[in-house]
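Heads up, the thing below is written out as structure tokens.
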């Protein structure tokens, strides 16, 4: 009998569902496009970029990003993380291994990556949030499908109820001055810009520490992240991704409903934020704040289902295949985006930090992501794993796998569009064979 550490170790590259990699890879583009504004300007300007950049092109670019990108692709990324949790758990059970023998180490490694990323590279890290939410998922690993849905719905509703309650109190006799939203402090903003544009490495790291501590309250996103994780678990257990073609009618209905509804909500939010100045108190502003995350999640569902329909079309599959390599190296590419952008804006083009608006920021977004597509495909033609994926696996399983490609492994082919069972890929880029008997319809 093999040692447990071997039974739960990395698996062959040929065992995968290509669609999951493609979806994850494209989600990384949206994450980069949304985050770019926080690479060339202070984090305090992320939602108030208009206080620094007022040109028509910048206003339109900011509107485009808020309406169609911000919050949508991180939702997809979070959803896939939860799906990966369910995949790894089912794989461990199929091999007779104890899931808890390795997954906590995986989360600890992810938390370590998040701390290093947030403290030393860029304060807008999401990995620590994922590690915290991933730990919460351990409580749901034996729960029934309807329980996952109930908790996901409750967690989605909790911040909405809290925001609505706060809004009601604000416009009542219980109003207090501390409730008033405040626009960014321009003096402080320009001080931060000066540090990142002209400061020493020590000054930049010190400012990054200040911003990281300021961002800690945003770990409340873990509530939404956990809800998305649970939804990802539910979708995998329902067998939807394993049998995409069987669920094509469902995907069409989801796309037909979620795309228009999500677009209406997201465009409304973007219009309100563009029209109402930062710090202005109004019902319109509060309603936009309440609708932003639900609208983002709904539109994300429309995007994901639409991409699934494109993927199921044989003539269109080839156009999305190159993005699969980006998805397989998701951790590497996510961290690479932060490293390259901070190096570029903080050190080598100091005249651009605080001066490049959202419109010009689209150019480095497209260039960097295009380079990542090329690099990821080049790398995976030569090696089994991305660099950070290799490190993550070694820290998880206590043994570092070989990076060289095994010549005996079969060639990776696109999944069949038939209803036969397929292989799978985790949300973090790890691949495993499904042992789940998937249903023909969504059941509890």
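Cβ coordinates are placed from backbone N, Cα and C, and glycine is handled just like the others.
TrEMBL labels come from automatic prediction, so no person has curated them.
Residues or ranges marked as transmembrane segment by TrEMBL: 21-40 (among others). Residues 46, 49, 62, 65, 69-74, 76-77, 80, 122, 124, 304, 307-308, 311, 320-321, 323-328, 330, 333-334, 337-338, 341-342, 344-345, 352-356, 358, 361-362, 364-365, 368-369, 372-373, 376, 425, 427, 429 of the same chain, all 6+ positions outside the transmembrane segment (21-40), place their C-beta atoms under 8 angstroms from a C-beta of that stretch.
Counting same-chain residues at least six beyond the ends of the transmembrane segment (60-87), those with a Cβ under 8 angstroms from any Cβ of the stretch are 20, 23-24, 26-31, 33-34, 37, 49-50, 53, 103, 126, 130, 133-134, 137, 141, 224-225, 228-233, 235-237, 241, 262-263, 266-267, 269-271, 273-274, 292-293, 295-297, 299-300, 303-304, 330, 357-359, 361-362, 424-428, 430, 432, 434. The transmembrane segment annotation in TrEMBL covers 60-87 (among others).
Positions annotated as transmembrane segment by TrEMBL: 107-128 (among others). Residues 35, 38-39, 43, 46, 74, 134-135, 205, 208-209, 211-212, 214-215, 219, 221, 331, 334-335, 338-339, 341-342, 388, 392, 395-396 of the same chain, all 6+ positions outside the transmembrane segment (107-128), place their C-beta atoms under 8 angstroms from a C-beta of that stretch.
The annotation transmembrane segment is assigned in TrEMBL to 148-169 (among others).
Residues or ranges marked as transmembrane segment by TrEMBL: 221-242 (among others).
What TrEMBL lists as domain 'DUF418' is 236-399.
Annotated transmembrane segment per TrEMBL: 254-276 (among others), in sequence order. Listed by sequence, the residues of this chain that lie at least six past the ends of the transmembrane segment (254-276) yet keep a Cβ under 8 A from its Cβ atoms are 47, 50, 59, 62-63, 66-68, 72, 282, 284-285, 287-288, 291-292, 294-303, 305-306, 309.
Residues or ranges marked as transmembrane segment in TrEMBL: 288-313 (among others).
Residues or ranges marked as transmembrane segment in TrEMBL: 325-347 (among others).
Using a Cβ-Cβ cut-off under 8 Å and counting only residues 6 or more beyond its ends in the same chain, the transmembrane segment (359-380) has close neighbours at 25, 28-29, 32-33, 36-37, 40, 55, 57-58, 60-61, 322-323, 325-326, 328-329, 332-333, 336-337, 340-341, 344, 386. TrEMBL lists 359-380 (among others) with the feature transmembrane segment.
What TrEMBL records for 405-444 is region 'Disordered'.
Among the features that TrEMBL reports, compositional bias 'Low complexity' is placed at 409-426.
Taken from TrEMBL, the feature compositional bias 'Polar residues' applies to 432-444.
The predicted model assigns the domain 'DUF418' (236-399) a mean pLDDT of 90.
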